[in-house]
Structure formats: structure tokens, C-alpha cells
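Residues or ranges marked as domain 'G-protein coupled receptors family 1 profile' in TrEMBL: 41-296. The transmembrane segment annotation in TrEMBL covers 25-50, 62-80, 100-123, 144-162, 182-203, 244-270, 276-298.
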């Protein structure tokens with residue numbers, strides 16, 4: 001039976017040195033399901049945006065950028081993890097330094113650009129809702145949008161060589177460089193999360209404040225009319241639904257990112273977390289790559305209408 005350090009150094013997420021092949025098979029199937037569902041959903045969003053002119057907006061450009069990054073995780077990295085989980089721990093493929101570097105590069109590039117795209121989408125919506133239209137148009141010209149997308153990929157290429165140091169987190173062979181790499185990762189994700197929450201909570205406050213001012217104005221106008229007027233249709237439920245959608249997006253994002261942040265901080269300042277906890281935190285972060293397309297499109301009527309026009313439908317009297 002291989003020891004903990006060798007297995008954790010060769011595979012960061014499948015930290016399963018102590019038990020049977022049943023758990024490894026289960027995780028391999030889980031990676032396979034995430035890979036298939038994430039690949040299909042990301043490809044579908046990219047195809048819809050490029051096929052329908054109404055969907056070609058600045059916000060959707062950042063969403064497509066995130067989907068392209070998520071494909072490197074779902075279509076390229078997750079299938080490898082699904083296969084490696086079925087190999088014996090002493091396989092030569094797991095011990096190859098070049099192969100580990102390739103896997104680390106795919107994972108680091110995809111997750112970094114994906115997290116940056118989350119922030120770009122949030123900031124785009126924040127400026128659109130809270131600032132003047134002239135400010136939004138000046139900031140999000142076509143060339144500026146392209147520069148933001150290109151910068152997200154350029155910045156993602158810088159920390160890629162550092163990512164393989166995270167493979168040895170929690171093992172007996174981990175050194176100071178991997179601990180500092182984990183600390184930098186945790187601080188970067190924590191800062192990005194703070195900015196994202198600031199943007200979305202600012203949107204919620206602005207929408208609620210605007211709706212409240214409109215309600216007060218309508219109330220005074222109704223009392224000045226010379227004839228009885230029917231009250232305007234209530235929009236409280238719609239505002240509540242929009243707020244719930246934003247908060248749900250934030251909660252899913254926090255659930256996917258924060259466990260890894262605090263596991264990394266725990267390993268740096270106190271002692272390494274249990275290997276199973278490290279594996280779960282990484283798995284939650286990587287599962288965001290499969291969930292991101294749904295998070296940003298499930299409330300959009302334009303996306304739903306475009307998807308219905310593309311997906312095959314059953315022919316029948318009702319359809320006719």
C-alpha cells in the first residue's frame with residue numbers, strides 16, 4: 001500500500017491512499033459526470049452567444065470568456081482525473097513530473113481565467129446599473145472589452161508554473177514554497193470574492209433603493225389625480241426574485257471557493273488539514289466550472305428562448 005506523501009504528491013484531488021478502489025471509482029465517475037455536463041453546458045452557451053445577435057452583449061462576452069476557461073477544466077483536465085483515479089497508485093503516469101506540470105497548467109489557467117471572468121461580469125453589471133449610461137458606454141467600448149478579456153488570460157499565465165507546488169499540500173514532503181503558493185492562492189481568491197460581493201450587493205442596494213423611490217413617487221401622484229386610479233401592479237415579488245437570484249449566485253460562488261481558501265490558510269498558519277478535506281475543497285472549486293453556465297443563464301429569457309430554438313422538440317398537434 002503506497003504511503004500518503006507519494007500518493008498526494010502525484011494526485012492532488014484523489015487523496016485515497018488508505019482505502020479501497022470503490023471510493024476511487026466513485027470519484028472517477030463523479031469527475032466523468034462533471035466533465036460531460038460541464039463541457040456540454042459551456043459549449044452550449046458559447047454556441048448560443050455566437051449564433052444569436054441579441055445575446056452578443058458586453059456582459060455575455062465576459063460570460064463566454066469564462067466558459068472558454070471552464071472548458072480547459074471540464075473538457076481537458078477532469079477527464080484525466082477520471083482516468084487517473086482508476087490507475088494503480090504506483091503507475092508511472094502519476095509520477096511523471098512533466099505530466100503533472102501539464103495537468104497543473106490546465107487547471108491553473110482555467111480556474112484563474114474563470115475566477116477573473118466572474119469578477120468582470122460582476123463589475124460590468126455593477127457599472128451598468130449604478131453608473132450613468134455615458135460612463136458605461138465610455139468604459140465598455142469594444143476595444144476596452146477585448147483588452148479586459150486579453151488581460152485576464154495574460155495574468156492567468158503568470159502563476160501557472162507555481163500551481164504544481166499545490167500538489168504536495170498536506171504531504172510530508174511539502175516545503176515552504178508550496179505553503180507560500182497556497183497562501184497566495186487563498187489571498188487572491190479572498191480578494192476576488194470581496195470585490196465580487198461588493199459589486200453584487202451594491203446592485204441589490206441600488207435596485208431596492210430605486211424601486212422604493214419610484215413607489216413613493218407613484219404614491220404622491222395617485223393622490224393628485226382628479227379621478228380614482230387603480231394602483232399600479234405590485235412589483236415587490238419581481239424585485240424579491242431578482243434579489244434572490246443575485247444572492248443565490250453569491251452563495252453558490254462562496255460555497256465553491258471559500259472552503260479551499262480556509263483550508264489553505266489553515267495549512268499555512270496552523271497545520272495541514274486532513275487530506276479528505278483538502279480533496280473536498282478542491283473538488284468544490286473545480287465543480288464551479290460545470291455550474292457557471294447555469295448560474296449566469298438560468299434567469300435570462302433571451303438564453304432560454306435561444307436554447308428552445310436550438311434544442312430538438314417533439315413534433316405533435318400542439319407543436320403544429
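Using N, Cα and C of the backbone, Cβ positions are placed for all residues, glycine too.
A TrEMBL annotation is a machine prediction, not a hand-curated record.
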Residues of the same chain, at least six outside the transmembrane segment (276-298), with any C-beta under 8 angstroms of its C-beta? 12-15, 30, 34-35, 37-38, 41-42, 44-45, 63, 66-67, 69-70, 73-74, 77-78, 107, 110-111, 114, 118, 121, 169-170, 249, 252-253, 255-257, 259-260, 263, 267, 304
Taking the transmembrane segment (62-80) as reference, which of 25-50, 100-123, 182-203, 244-270 has the most Cβ pairs under 8 angstroms? 100-123
Cβ contacts the transmembrane segment (182-203)/the transmembrane segment (25-50), at least three under 8 Å, sequence gap 6 or more: no
Please give the sequence-distant neighbours of the transmembrane segment (244-270): residues at least 6 beyond its ends with Cβ less than 8 Å from one of its Cβ atoms. 115, 118, 169-170, 179-180, 182-183, 185-186, 189-190, 193, 196-197, 200-201, 203-204, 277-278, 280-282, 284-285, 287-288, 291, 295-296, 299
